[in-house]
Every structure is written in C-alpha cells, then in structure tokens.
Amino acid sequence: MTTNAPGAVILAAGKGTRMKSRLPKVLHPIAGKPMLGHVLSAVSALGSERPVLVVGPGMDEVATYARGLVSGLTIAVQEKQLGTGDAVRAAAPHIDKKESVVLVVFGDTPLVRAETLADMTRRCEEGSDIVVLGFEAADPTGYGRLILDGNDVVRIVEHKDASEEERKNKLCFGGPMAVRAAHLPALLAKLTNKNAQGEFYMTDFVAHGRAAGLVCSAVFCLEADMQGVNSRADLAAAEATMQQRLRMAAMAGGVTMLDPSSVYLSMDTEFGEDVTVGQNVVFGPGCVIANGVTIKAFSHLEGAHVAEGAEIGPFARIRPGSEIGRKARIGNFVETKKARIEDGAKVNHLSYIGDARVGAGANIGAGTITCNYDGYNKFFTDIGAGAFIGSNSSLVAPVSIGDGAYLGSGSVVTKDVAADALGVARARQFEKPGWAAAFHAKHKDKKKASGE
C-alpha cells in the first residue's frame, strides 16, 4: 500500500477494568477475532515486519497471542500506566533503527482500516513530520480536539484540559499517529505530565513539533472507524459496525441476504457467488461457502466447507470439520461434526452425523444417529454411496454400511452391513390378541375395589 513499510507501535497496556472481565480487553473478539488481531492485521497489511507491542506487567496472555500472529513482533512492557506518551517511550528502544516512519496505533480500536493507516504513512513520506488521524464526531464529549490552522494541526487538546470554546470543536483526534522516526527521540524528551491527569500524552507531540518547526498535518476518516472499546457496550457497538461492513462486502460479492441485519459473519468467512443466506444465520470462524449454496434460516455454521449448490437448513448446525459436498442436502435439526457428506447425499431431518462419511447419493432417514463416542474415545462410521438408512436408526461406531445397502428403520447397528444388502437390527414384532382389553379390565377392577 505504501512505498516503504512503516515501523509500528501498538499500545495495549490498558487494564480494561470497565470490561469487568478476566480476559484482557484487547483479546475480546469482534467478528470472531480478538480486537488486537484486527489491529495487527491492519499493520501487517502495510508490510510492517517488526512491530512493537506495548503491554502492561503480567499481560503474558496478550503477548503470547500477538507473537503467534506476527512472528517478528517485539514486546515492550510499560511498567506503570503513565499515559500514551510514556507507552511510546517504553517502545522506543525496540524500534528498528532502519525505519523512516513510525506508526503508533491502539490495540482497542479494531475498526481502523489498513487503507487509512497507509494514507497516514504516505503523508509522512510526502513531507509531513507528524500526521494525526482525525474524524468529525457527532458528539465529541470525551475526545481530544484537533486545533487546526488551515491544513496544519496546531495542537491536540485533551477533553479534560480543553476550554469551553475548544470543546465546541467537533474535529477530534482518533488516536493513531505517524511520526518521522528521526524526530521521535526529541519529541519524547520534551514530554511533561503537567496536565489534569498527571500523565505523559502522545498528543503533545504536535505542540512540541510545531515549536520545533515540524510540519504537522491530519488525515481524516469516518467516526465509525475510530470506535474504541472500553466497556461491554462499546464492544457490542463495535461488533455491530464490523458486522455491517462484512455484510455489505458479502452482498457486493454476490451474496443474497434475505434479512442482512440478522446474519452474523466472521472475519474469515468466504463466499462464492449466488449464495443465498436466510434470516438469523450465524457463520463462526473457518467457513468457506461455494457458488450457488443456499443456507436457510436459523442455521449455525463453524469450521465448515460447503460445496457448490448444496442446501443447508433451516435450523441446521454444521460444526467444525464438516465437508458438505456438491448438491448435498442438510435439513432441519441436523447436526454434523467432522463429517464428510459427499455429493448429492441427503440428511434431511433430525439427525446427528459425527466422525463419519456419508457417500455420494446416500439417504439418511429422520432420527438417524451415529453413535461415535464411548465416553473416552471417538469412532468412525462409514456409509457407502447410494446407501439408504431407515428412520430412527442408531449406527454404533466403528461400523461400515456398504454401497447401496438398505438399513431397516429403527435398527441399532453394531456390525458392518455389506454392499447392496438389507440390514435389520431390531426385535421381531409379535402380537397377542385380546391382551390390551384384558389388561385394562384388570386394572379397572382393582380401582373399583379400592374405591378410587
């Protein structure tokens, strides 16, 4: 996106106490992906290979997650929560000396776009020494204000330190900042904590830079892109914004959504063209949906691959490891897990198919269960191509049903059934004429004798 990849500092040392959670704030998910992961992905899209993540003491869980996502990442620890400027100071010794531009972003702003960060970096490359990210807020309460002189940023005033006149200004500072690396040491050295909070503010870079004759400018984005997350309510708002982005992108790519606001996607959900998605469908992580698939209302998919022309739902649950073949059919109240449903196979109602293969063109009757777990281990069920499994059958794994075999309804199968054979595993039906009448008469006489 840019000629030269920037250095990057991600600030993630906040304790997130308002989240009321044992999980670190930046690891709370948005669209199935931790907030910090969204930010790291945006930074990585710019080509930054050695970003620095600033965490607080004891935030090993955050550091471990980030290292697993970005191999070249360095961890810096901010020992005390003394403000954003102090956090950048903690990162400074770890910034690669080769970097010409350093981009500072926040781990709790998961909606920031890589394109916006690229614009900031490009502005630095084109002559600005400091570039801040701003937006116009509908309600600017709580935000730092951008004070402009034409196209130049004069200073950033924190809300608590702003005058009444400055608080009327709706141009706000979003948080991210790009700085020419050569100026960073001097800017850090000039920071003081003479403010209402007694903290070292990164926002003071602008005033100090201006005083030193540096060029300070701004790049602007939508307010929604700068939604920060400090509470569960903020998390819900950010989720709603991200979901709307994902829905719009899916529909632009050829997906029909009958009620878009009720469909929930994950960041890695992949769609082909001419996919139709019904109401209240949820896509967990790891779903790949091919061309022409129909997913009906109230279905839940996770870790699933669905091939061209297949039909899912309504009320289907497709769990991780499921592979649904071309023109296969998974109907209402069917659950699959680690199951390969091959081309044209049908599992139409009320079934559990786990640790199994259902061959091409096979038909699974209502109420069929693959009994795959003995309390300690999982076992595999293999159902051949063209097999017919009668309703209300239990297949006790490990077991194999051959190609073209026919299994009688109500069977409890514990042994393999050969190809093209009929398998019936149930008690033989018998009849006792008059038994029911005698039974009822006997019990009625007992009730009468006891006075009931």
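First residue shown is number 1, and so on along the chain.
Every residue, even glycine, has its Cβ placed from backbone N, Cα and C.
Per Swiss-Prot, these features apply:
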- His349: active site, proton acceptor (ACT_SITE)
- 11-14, Lys25, Gln78, 83-84, Gly144, Glu158, Asn230, Arg319, Lys337, Tyr352, Asn363: UDP-N-acetyl-alpha-D-glucosamine binding site (BINDING)
- Asp108, Asn230: Mg(2+) binding site (BINDING)
- Ala366, Asn372, Tyr373, Ser391, Ser409, Arg426: acetyl-CoA binding site (BINDING)
- 1-232: region 'Pyrophosphorylase' (REGION)
- 233-253: region 'Linker' (REGION)
- 254-452: region 'N-acetyltransferase' (REGION)
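Projection of Swiss-Prot feature records onto the structure.
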| residue | record | Cβ contacts under 8 Å, 6 or more apart |
| --- | --- | --- |
| Leu11 | UDP-N-acetyl-alpha-D-glucosamine binding site | Val54, Thr84, Ala87, Val88, Val104, Val105, Phe106, Gly107 |
| Ala13 | UDP-N-acetyl-alpha-D-glucosamine binding site | Val54, Val55, Gly56, Met59, Val77, Gln78, Gln81, Ala87 |
| Lys25 | UDP-N-acetyl-alpha-D-glucosamine binding site | Gly14, Lys15, Gly16, Met19, Met35, Asp108, Val229, Asn230 |
| Gly144 | UDP-N-acetyl-alpha-D-glucosamine binding site | Ile156, Val157, Glu158, His159, Ala162, Cys172, Phe173, Thr203 |
| Lys337 | UDP-N-acetyl-alpha-D-glucosamine binding site | Arg319, Pro320, Gly321, Ser322, Ile353, Gly354, Asp355 |
| Ala366 | acetyl-CoA binding site | Asn348, His349, Leu350, Ser351, Ser391, Asn392 |
| Asn372 | acetyl-CoA binding site | Gly354, Asp355, Ala356, Lys378, Phe379, Phe380, Thr381, Ala397 |
| Tyr373 | acetyl-CoA binding site | Gly354, Phe379 |
| Arg426 | acetyl-CoA binding site | Gly408, Gly410, Ser411, Val412 |
One should report the C-alpha separation between Ser409 (acetyl-CoA binding site) and Gly83 (UDP-N-acetyl-alpha-D-glucosamine binding site), rounded to whole angstrom, as 69
In whole Å, the longest Cα-Cα distance within the recorded acetyl-CoA binders Ala366, Asn372, Tyr373, Ser391, Ser409, Arg426 is 22
DSSP tally for the region 'Linker' (233-253), helix/strand/coil in that order, comes to 20 helix, 0 strand, 1 coil
Cβ contacts within 10 Å for Asn363 (UDP-N-acetyl-alpha-D-glucosamine binding site), all chains included, total 19
